[in-house]
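Lifted from Swiss-Prot, the feature list:
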BINDING   42, 75, 125, 165, 223, 224, 225, 267  (2E)-4-hydroxy-3-methylbut-2-enyl diphosphate binding site
ACT_SITE  127  active site, proton donor
REGION    317-340  region 'Disordered'
COMPBIAS  331-340  compositional bias 'Polar residues'
């Protein structure tokens with residue numbers, strides 16, 4: 001008999017739910033195709049489901065035909081991308097997570113106060129590329145305490161830091177500690193820039209590890225937050241695997257295993273978790289229980305540009321992208337509200 005213990009919380013966060021809903025509603029209002037720059041979230045199942053509905057995923061705006069509705073992914077984009085869309089007159093709906101937008105605003109504010117800005121994150125991640133491109137000024141990217149030590153910046157320089165939202169909480173704390181050790185004047189948000197969902201899921205996996213012999217994380221290989229969950233299991237000394245769904249289960253993993261801890265990254269839908277449970281059931285008898293944990297009631301408002309898409313479709317007029325972008329900026333403070 002294998003016991004499966006489910007982490008709580010797990011799976012979709014508010015930013016992912018919002019991003020998927022934006023694409024769904026855009027398709028409902030204007031019909032296919034709707035173009036999406038980059039994967040809307042890092043999960044192949046989600047992307048394939050939206051493709052089947054008529055979403056077309058591209059990496060560059062040059063791949064978008066003139067006049068076609070375009071959605072920016074939850075990870076955010078550089079200002080140059082926004083400008084290119086405006087110059088081409090593309091109707092844009094920005095699905096950037098409000099918590100990522102918050103990081104952009106913090107970075108700009110720190111620079112405006114004359115501080116040297118340090119961004120903690122993983123080079124090459126779409127969120128990092130977007131953040132670097134949203135801040136008009138020099139930004140020093142570091143991903144580890146060792147990289148902090150190699151920064152060629154005088155120790156008495158006033159510095160500020162911001163962070164990628166999907167980092168390991170513990171790793172980020174070590175980088176922040178290195179910054180405070182190297183510089184005499186450091187300000188920043190501690191780990192509060194790491195989003196609530198990332199922190200909650202990491203804490204839940206740590207609790208899961210205390211009761212499990214094996215950790216399974218449902219998520220895609222390019223999902224930063226999913227990889228961090230697997231790393232926590234490994235750090236706790238448990239065999240830990242990142243899998244897309246139940247089809248990737250290997251029976252060998254369960255030899256001598258009594259209790260399996262099961263969780264999912266913030267971009268993985270619950271149906272994939274259930275597919276893993278089904279696959280384990282095929283190996284023999286199982287019981288399933290769920291840990292007590294944080295109940296997430298956060299939701300983010302959809303951007304007002306979706307309403308413009310509906311009006312544009314009804315009147316057969318072109319969306320004024322400049323006006324939409326202005327309204328989006330004006331509503332940023334409202335978009336970032338966390339609602340129960």
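Numbers here mean position along the shown chain, with the first residue as 1.
The backbone N, Cα and C atoms fix where each Cβ goes, and this holds for glycine too.
It should be emphasised that the depicted structure is a prediction, and the values quoted were computed from it without experimental measurement.
Distribution of Swiss-Prot features across the structure.
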{"residue": "42", "record": "(2E)-4-hydroxy-3-methylbut-2-enyl diphosphate binding site", "CB count, 10 Å": "28"}
{"residue": "75", "record": "(2E)-4-hydroxy-3-methylbut-2-enyl diphosphate binding site", "CB count, 10 Å": "28"}
{"residue": "125", "record": "(2E)-4-hydroxy-3-methylbut-2-enyl diphosphate binding site", "CB count, 10 Å": "18"}
{"residue": "127", "record": "active site, proton donor", "CB count, 10 Å": "22"}
{"residue": "165", "record": "(2E)-4-hydroxy-3-methylbut-2-enyl diphosphate binding site", "CB count, 10 Å": "28"}
{"residue": "223", "record": "(2E)-4-hydroxy-3-methylbut-2-enyl diphosphate binding site", "CB count, 10 Å": "25"}
{"residue": "224", "record": "(2E)-4-hydroxy-3-methylbut-2-enyl diphosphate binding site", "CB count, 10 Å": "24"}
{"residue": "225", "record": "(2E)-4-hydroxy-3-methylbut-2-enyl diphosphate binding site", "CB count, 10 Å": "26"}
{"residue": "267", "record": "(2E)-4-hydroxy-3-methylbut-2-enyl diphosphate binding site", "CB count, 10 Å": "31"}
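In this structure, the C-alpha atom of residue 75 ((2E)-4-hydroxy-3-methylbut-2-enyl diphosphate binding site) lies 5 angstrom from that of residue 127 (active site, proton donor).
Secondary structure at residue 75 ((2E)-4-hydroxy-3-methylbut-2-enyl diphosphate binding site), as computed by DSSP, is coil.
Cα separation, residue 42 ((2E)-4-hydroxy-3-methylbut-2-enyl diphosphate binding site) to residue 127 (active site, proton donor), rounded: 11 Å. Other residues of the chain with a Cβ within 8 Å of the Cβ centroid of 42, 75, 125, 165, 223, 224, 225, 267, the (2E)-4-hydroxy-3-methylbut-2-enyl diphosphate site, are 41, 126, 127, 166, 222, 226, 265, 266. Each residue contributes its Cα atom, and for residue 127 (active site, proton donor) and residue 267 ((2E)-4-hydroxy-3-methylbut-2-enyl diphosphate binding site) those atoms are 14 Å apart.
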